[in-house]
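Below is one structure, written out as structure tokens; the observations come after it.
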Amino acid sequence: MNAAIEHVQAVAFDLDGTLCDSVPDLAAAAEAMLEQLGMKPLPAKVVESYVGDGIGKLVHRVLTNDRDREADSELWEKGFVSYMKYYRDHLSVFTRPYPETEAGLALLKSLGIPLAVITNKNEILAAELLKQLGLADYFSLILGGDSLPEKKPSPLPLRHAAEVLGIDVANMVMVGDSRNDIIAAKAAGCLSVGVTFGYGDMTLLSQDDATRPDWIIGSLPEIYENLQPQKNKEE
């Protein structure tokens, strides 16, 4: 166990690829958008590789089938409107929490630790998705990619979350599946926890100091298992 875990006062989570598997609905929205624009569909695995930087960036990547290129502005605008319209209406058709998500959240909540969601997804969509999945009540704070002037990998959302929760950011844990989560956590000065069941490749990310998480877990209850002895000691 990382020594820093002894000082944890709040836990923040990424959403897509950490709390839930949302790719099926994200991919369905991409397929609907491409069909409306008269373009060929992309495999769900390709769409999965494009997730993590917000829907605006996802639309660019899907339209160009390239992680780094941007689509023509007029095409992007049409695509974005189409994507958002479909996705808003189909947020949780196939999206489900990962098997041990709710158990892990309930265990952490039992310790009296405030929980937050820090995602690059639009805040309204994130809040509605959590509500539809029955997870919203676990969280004291939900921050989306459009909640603040900067999003992950900027440390700003993490620092803001800590401020709202009334704790030092060094006493917060950021749990996620992507480089954005880990880079943001390191820049903010808090503990980074990588999950092995999401969309990011933790083995690959761990090879680089900049994206190596402080701790890797295979299920959310593992966080509780490490925090619970500490909380018992404090009592």
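Including glycine, each Cβ sits where the backbone N, Cα and C put it.
Just so it is clear, the model here is predicted, and its values are computed rather than measured.
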Candidate sharing the Mg(2+) site with Asp14, Asp16 (per Swiss-Prot), from Asp146, Asp168, Asp177: Asp177
Cβ-based neighbourhood (8 Å from the centroid) of the Mg(2+) site, residues Asp14, Asp16, Asp177 excluded: Leu15, Gly17, Thr18, Leu19, Val51, Gly52, Thr119, Gly176, Ser178, Asp181, Val195, Gly198, Tyr199, Gly200
Asp177 (Mg(2+) binding site): tally of other CB atoms within 10 A of its CB: 26
